[in-house]
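Over in TrEMBL, the protein carries these features:
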ACT_SITE  ASP38  active site
ACT_SITE  ASN86  active site, proton acceptor
BINDING   ASP38, GLU225  Mg(2+) binding site
BINDING   39-43, ARG51, HIS55, 83-85, TRP87, ARG89, ARG206, 212-214  substrate binding site
Amino acid sequence: MFKKLFKRNSNMGQSFSHEGEDLVMGEAIPTHIAIIMDGNGRWAKKRALPRVAGHHEGMQTVRKITRCACDLGIKVLTLYAFSTENWKRPKSEVEFLMRLPEQFLNSFLPELMERNIRVEMIGVMETLPDYTQRALKNAMKATKNNTGLVLNFAMNYGGRAEIVMAMQQLMKDVEAGTLTIDEISEQHISQYVMTAHLPEPDLLIRTSGEVRISNFMLWQLAYTEFWFTDTHWPDFNEASLKEAILVYQNRNRRFGGLKGEGTN
Ligand code: IPE
Ligand code: IPE
Ligand code: MG
């Protein structure tokens, strides 16, 4: 019945807001949602503002979506905040982006504590500026015993770099004689990627119209459901997240099996 109602709504192009909320709560909520937060620059350009104004506004969206994910009972929210390729951008923009964790976490930390949210990070910490490292490490330390939503920032993260690192770890085990080449399995690789302790994403959202994954979670997205929207990240809101979840709830995940055998 839920599915029928959703389909009717989507055919009529109506907004989901009210009914949407009930529908989202009526079916399985994805455990792990990963988001490629794209379109800050385009949002700013449309308003004749500098690109960094878009990043600042995007940070407000991070707050909004974190609260909403927490209220919906999502267990893990992974947000792609800075890729290993984003270093190619102008120095001033990179610096602005590197300052955002400090700004975001300093003001948001009390609420994260109140909401029992745990901050985590995937990516390479060591090559981030000191102030970025400090902000992330402080927040991770302060929230490490929290048991609610895991707010996982992908910062200085690249999917290929992550796989290379996992391979290096595996080769070290082979060299040390604790693993043979023939024993290497998918489980071993899963143990060495940065999300080893987390479930794989159920739903991937990318905002702002690009239909690519831009080196994000290459290993983990093998059976993730994808949802793309033209909305720029600063305009993404609670209703957008619920719309994505509704679409997810109406997908049939088969994992290579036959129709109806999936978890949804
Ligand atoms: C996403 O917005 C933020 C980061 C990649 C850091 P963009 O800055 O990529 O915005 P567009 O794609 O140029 O509009
Ligand atoms: C992906 O967005 C990275 C983040 C959202 C942090 P980009 O804007 O960097 O991706 P491309 O360059 O359009 O592929
Ligand atoms: Mg972009």
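Cβ coordinates come from backbone N, Cα and C, glycine included.
Any TrEMBL annotation is an automated prediction that lacks curation.
Listed recorded positions: ASP38, GLY39, TRP43, GLU225. Those with a CB atom under 6 Å from ligand 2: ASP38. Around THR84 (substrate binding site), the same-chain residues six or more apart in sequence whose CB sits under 8 Å from its CB are GLY123, VAL124, ASN156, TYR157, GLY158, ALA161, ASN215, listed in sequence order. With a CB cut-off of under 6 A applied against ligand 3, the recorded positions ASP38, TRP43, HIS55, ASN86, ILE213, GLU225 are reduced to ASP38.
Most Cβ neighbours within 10 Å among the recorded positions ASP38, GLU225: this distinction goes to ASP38. A 10 Å radius around the C-alpha of the residue listed as 'active site' takes in these binding-site residues out of ARG206, ILE213, GLU225, in sequence order: ARG206.
Cβ-based neighbour count (10 Å, all protein chains) for GLY39 (substrate binding site) stands at 25.
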